[in-house]
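*Asks:* Encoded as structure tokens, here's the structure I'll be asking about.
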């Protein structure tokens, strides 16, 4: 199976400290990959480099075999809007927007018409069990509900890869399990690959493959 | 207090609070010192106006030299005895003695005497000190004469009124107080804005503290202590800067000159009160602003709504202002303006209170019709927290209110300023109130220029009258503009009069009935009727005015000759009138410009501080949006809309309020006739455009703050 996203010899330094030191990684189409490791092992740095949030200091990232190293900041931003989706630890929804508007945001940013974006967002929220909560603001949602909205936001524009950074870190075990299930199910429906950064072994066990990091190197 | 923030952002927030409070305190102290400075000036000049009856004949006149005003006092001791003089006047100058202010002494020393010095005949026996001058470079002279020479209007001393000057009746006083009121409000807004800086971050911390078991009082104390540190430092800084900076303020000209640095020193008690009140206000604003977070059960999210009853505050303010206008019109006394000034402040505050309502309505409009994410983000922010969204705009709105008020009032106030009305030829200088005809001959002997004696009187017929001059048309036409002569004695009338003509001169103590068959010719556009001397020989024999024709080369020399020939007599001179008018007009315009500059500075600063605060508050959300690929320009566009669009709407209301208040103030401004119309032009909307521009510039501060938001760290914050 050809990888949808690859990294070869990825290196990243912050100040004088190496965060990544020659990491090679492949993510297949529809694959769920868990990146595990202790704090400071470089998990989040790997996610940032793979998703183009920051450029690599060394090595190369490929999306569908195409290298991303030559992309400008604007180009990487466009890529993140269109090809990638993101789920952060505490949802990171926009406080002022309703659930459906938060979910529709990537499509709106991509230039989709208002009606289409909101309709798609509502369908997505419905599939995640949030029917009837579309008009609520993040402050009026529970932690699990807010994280499901974040999942809807990550998948509404049918990205190739979803990056999840400790998606259940702020939730209790049961809610975390439910949220992870919702993410995996929604990703399967859209065919998106999932890269989940976690230090929770139970989350990692649900992935197709687990990559361990230690001091910026893959194990 | 281990709970206090000691991180970098906490320090930046405290520094901004200190800076905002320092600016606010400094401006308030300057503004409070301005009326005091005006009073100090007038107290020093109290000797120039009549006070107690005394032994002196004093004639006070205003003269002009090369565009600068000279205040001249011709004095003569009419009765023997000691004459009391004010502080700063070394002694009463005797006949043939002169006292100069230092600036005038310098000017006389460096100017040919025929042009200036000869106006003040005598020996210089002393200098007028600072205690008797309005401002450092003022040109003042006291000329002593023998008894009987000065045509003074009354006898008095050179002490003036012993009662402190009550400046509360003049237009200047009213304008100063209005400035104080309308600038203090933006000061309060700025100070309150810095107190609420990074409010959302603080609210999250307070919620965490409450969840950890802190009582509402403990949470409120945390807020108070966090803010108090920066506020107290800022207040002390503002107070400390007030004294050294007063020298800068003293350089701003007013009434023809700058100020003595000591004039702008605030009363220590007032300064202390301001320095205590400012931090209390900031801490109070911060605690009140977080009150809901502090008091509500921890973890309960509350949506902030603004209620329509805020409109009632606006209505109440307008009622208060209208009542003040009525009181000021109907009630006399120095305190008659106090209610209306409270009303002006009330209207400015009401705009601040009703602004969030307008913001919320604008937000609803956006949310209803958005097409792109920038408008959606801006609209939801405006609806979600209209108080926070409007906070930055409040100062700008008050500035627009002030500017609209000023623009409404300015044309009428400018119309009241007197310039040369073009009655007299630009080459003519006229001395009015001549009582001794022999001095006309003395003037003729002193110059080769044409000297025209004229007699002032009132020409009456059929119960109507108009001012008239007795003089030969061929002579008068050289000094009066627009007069066309024809051969033969005649009366030239600007306005037709019916019935037998009669001319009376109180100064000449003469009255003449003109012949019934006198030839009457029109003098369109004239200010005086002109009567041929053959028709009124009794009046012609007692001239009360003298006109001289000058050329650019001999103007100052002839001016000097006139002053010397007629000491204490007022001269009518187009240039003098223009200098007086220009001084008043320049003061008015400078005051308005300075007021607006301060208002814009305060409003802009408040908007920028709030805009930056709103970005700092939402760093995590913006960081996450950037991480997901949201273009920075889109966030900038959303922030611009957030800041600018409520301002545009609120400033339209502020413009209307400013126009209304301006018209109300004009109706009670001393010296403005009630029937005078107020010209309204489209320029009245200029403050709306300017306010929007200021808001746009302030919104760029958001862009700068956004640059500091990074997708890698801020979403994990």
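The backbone N, Cα and C atoms fix where each Cβ goes, and this holds for glycine too.
Quick paste from TrEMBL:
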type: TRANSMEM; residues: B:12-33; note: transmembrane segment
type: TRANSMEM; residues: B:178-199; note: transmembrane segment
type: DOMAIN; residues: B:180-297; note: domain 'ABC3 transporter permease C-terminal'
type: TRANSMEM; residues: B:220-243; note: transmembrane segment
type: TRANSMEM; residues: B:269-291; note: transmembrane segment
type: TRANSMEM; residues: B:311-328; note: transmembrane segment
type: TRANSMEM; residues: B:340-367; note: transmembrane segment
type: TRANSMEM; residues: B:388-410; note: transmembrane segment
type: TRANSMEM; residues: B:592-616; note: transmembrane segment
type: TRANSMEM; residues: B:643-668; note: transmembrane segment
type: TRANSMEM; residues: B:680-706; note: transmembrane segment
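Can you tell me where each of these features sits in this structure?
*Replies:* Sequence-distant contacts of the transmembrane segment (B:340-367) (same chain, six or more residues past either end, CB-CB distance under 8 Å): 177-178, 181-182, 184-185, 189, 305-308, 310-311, 313-314, 316-318, 320-325, 327-328, 375-376, 378-384, 386-387, 389-390, 393-394, 397-398, 401-402, 641, 645-646, 649-650, 653-654, 657, 661, 664-665, 668.
Below 8 angstroms of C-beta separation, residues 178, 182-183, 185-186, 189-190, 192-193, 196, 199-200, 304, 347-348, 351-352, 355-356, 358-359, 363, 381-382, 588-589, 592, 595-596, 599-600, 602-611, 613-614, 642-643, 646-647, 650-651, 653-659, 661-663, 665-666, 669, 678, 680, 683-684, 686-688, 690-691, 694-695, 698 of the same chain, each at least six residues beyond the ends of the transmembrane segment (B:388-410), sit close to that stretch.
Nonlocal intrachain contacts for the transmembrane segment (B:592-616), taken as residues 6+ away from its ends with a CB within less than 8 angstroms of a stretch CB, comprise 9, 13, 16, 20, 23-24, 27, 179, 182-183, 186-187, 189-190, 193-194, 196-199, 201, 252, 388-389, 391-399, 402-403, 406, 410, 622, 639, 642-643, 647, 690-691, 694-695, 697-699, 701-702, 704-706, 709.
Among residues of the same chain six or more beyond the transmembrane segment (B:680-706), those with a C-beta under 8 A of the stretch's C-beta atoms are 392-393, 396-397, 399-400, 403-404, 407-408, 411, 600, 603-604, 607-608, 611-612, 614-616, 622, 632, 635-636, 639-640, 642-644, 647-648, 651-652, 654-655, 658-659.
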*Asks:* Taking every residue in the domain 'ABC3 transporter permease C-terminal' (B:180-297), what is their average pLDDT?
*Replies:* 80
*Asks:* Using a cut-off of under 8 Å between C-beta atoms, tell me which stretch among B:220-243, B:269-291, B:311-328 contacts the transmembrane segment (B:12-33) the most.
*Replies:* B:220-243
*Asks:* With DSSP as the reference, give the number of residues of the domain 'ABC3 transporter permease C-terminal' (B:180-297) in helix, strand and coil.
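*Replies:* Once the DSSP states are binned, the domain 'ABC3 transporter permease C-terminal' (B:180-297) shows 94 helix, 2 strand, 22 coil.
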